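Chemist: A single structure is presented below for examination.
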Amino acid sequence: MEGLKATPLQAHHEGLKALMAPFGGWLMPIQYEGILAEHRWCREKAALFDICHMGEFRYRGDIQAGGLEDVFTFSVKGIPVGRSRYGFLLNASGGVIDDLIVFRLAEDEVMIVVNAATAPNDFKVISSRLKNPALLVDISAQTGKLDLQGPLSREVLVEHLGGDLGALPFFKFIRTRVLGADAIVSRTGYTGELGYEIFLPSGKTAELWELLLKDPRVAPAGLGARDLLRLEMGYSLYGNDIDEETSPLAAGLTGFVNLDKEFIGKDALLREREKGPEKVKIAFRVDSRRSPRHYYEILQQGTPVGMVTSGAFSPMLSCGIGMGYVKPEAAALGTRLTIKHERVEMEAQVVELPFYTGGSLRA
Amino acid sequence: MAKFFTKEHEWVEMDGAQAIVGISEHAAHELGDITFVELPKIGKSVKQFDTLAGIESVKAASDIYAPVSGKVVQVNDKLEDAPELVNQGAESEGWICRLEGVDASELAALLDAAAYAKYLEGL
């Protein structure tokens with residue numbers, strides 16, 4: 001556990017007897033009461049996640065002239081102030097260096113939210129693509145982040161933080177005061193439920209955590225539940241489902257790539273589109289309660305066709321679900337597959353995403 | 001009759017000529033939420049310490065080994081729809097199966113409850 005970074009809530013997690021484990025260079029809570037109970041709480045009430053490990057960068061300057069416009073697969077200057085957008089930072093061969101969200105704070109100011117493990121490299125790559133790298137500042141250390149997710153999250157936050165939040169639409173955010181400090185509250189999340197991400201000074205994180213946990217509608221949830229929640233929605237996990245070897249085209253994430261603008265990796269994507277991808281992402285549902293897992297083999301009529309990148313037991317569907325990459329000929333909806341690892345074998349079928357459609361996400 | 005344990009965290013308890021088999025409370029706690037139990041087929045014969053069944057939790061998939069040799073004569077089919085019974089009582093209602101034709105002398109290769117408790121302390 002040495003050399004791992006700790007969030008401002010370390011002592012709180014230990015007080016709650018959380019199971020802690022390394023994640024992306026950080027010591028993070030995997031579960032408190034239990035993964036399934038926390039998952040259910042998020043789908044039914046409001047779950048609170050410590051997400052302080054994620055990285056935040058701030059850029060202040062001209063977006064077009066400063067070079068930021070060409071860094072990501074989407075247009076930054078096309079994001080209206082007060083809105084955020086999901087997309088990718090690619091390498092020259094079209095592989096995903098990271099998936100991230102850009103928040104348009106002002107005409108000439110954005111916040112970039114990236115994954116924990118990739119943050120140091122992201123910062124280097126983004127800086128290297130700017131005309132004036134000094135305009136990009138890593139604000140991760142001074143920024144705390146708590147996510148409140150679940151159908152009751154709106155009423156809880158309105159009650160504790162004020163009425164401005166009530167009307168906030170999906171993927172919009174407001175700059176507001178939380179516990180007397182400047183904060184950003186965003187209607188985003190990665191669970192499939194109505195939810196909010198709250199960015200505030202890291203010194204205020206513990207106070208907000210304690211305030212929200214006093215509410216009986218709120219319970220803490222760890223990264224274990226978060227992984228099940230995002231998988232039920234079919235959201236990709238960086239390092240599992242997408243990485244530097246995988247393009248957004250293969251990952252079925254073309255909706256977050258704007259080929260009408262310039263960005264590094266675009267030429268590779270155009271070539272790949274021309275040729276057709278060698279592997280494509282699929283979602284599949286297992287016929288039993290068995291869990292497919294990362295690195296399990298995928299076979300079609302006895303022939304290996306690919307590999308599982310994410311898999312788990314779905315508490316909402318009561319069966320195994322997973323995502324993986326297969327040869328394009330095995331990717332059609334309804335295709336029957338076998339998922340295999342050592343002695344474990346399960347039958348599955350290619351299905352559409354999301355697996356779970358009953359969430360309150362757009363409520 | 002007392003329970004005996006393997007170092008792989010199975011338990012066995014003789015009930016007349018039959019042996020009842022399960023995983024220990026410790027193992028169930030370590031696995032976390034159990035989501036699937038692969039019950040052995042009735043009629044299957046196993047040798048001591050061979051793979052008997054499988055168990056999956058949200059976190060991991062594991063094999064269950066036979067604490068003693070024998071033939072499977074009954075399985076706890078409640079676990080098909082409610083594998084969480086193993087979390088609720090791994091050494092009671094969460095039992096896995098019953099074996100017949102058991103040689104009780106094999107129990108000597110296992111740990112009794114006190115020795116198992118001591119073994120867990122050393123892990």
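Each residue, glycine too, has its Cβ placed from N, Cα and C.
What TrEMBL shows for this protein is this:
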type: BINDING; residues: A:Glu197; note: substrate binding site
type: DOMAIN; residues: A:11-261; note: domain 'GCVT N-terminal'
type: DOMAIN; residues: A:283-356; note: domain 'Aminomethyltransferase C-terminal'
Chemist: Just to be sure I understand the packing, how many Cβ atoms besides its own are within 10 Å of the Cβ of A:Glu197 (substrate binding site)?
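Modeler: A count of 24.
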Chemist: What is the three-state DSSP composition of the domain 'Aminomethyltransferase C-terminal' (A:283-356), stated as helix, strand and coil residue counts?
Modeler: 3 helix, 42 strand, 29 coil
Chemist: Need one number: mean pLDDT over the domain 'Aminomethyltransferase C-terminal' (A:283-356).
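Modeler: Summing pLDDT over the domain 'Aminomethyltransferase C-terminal' (A:283-356) and dividing by its length gives 97.
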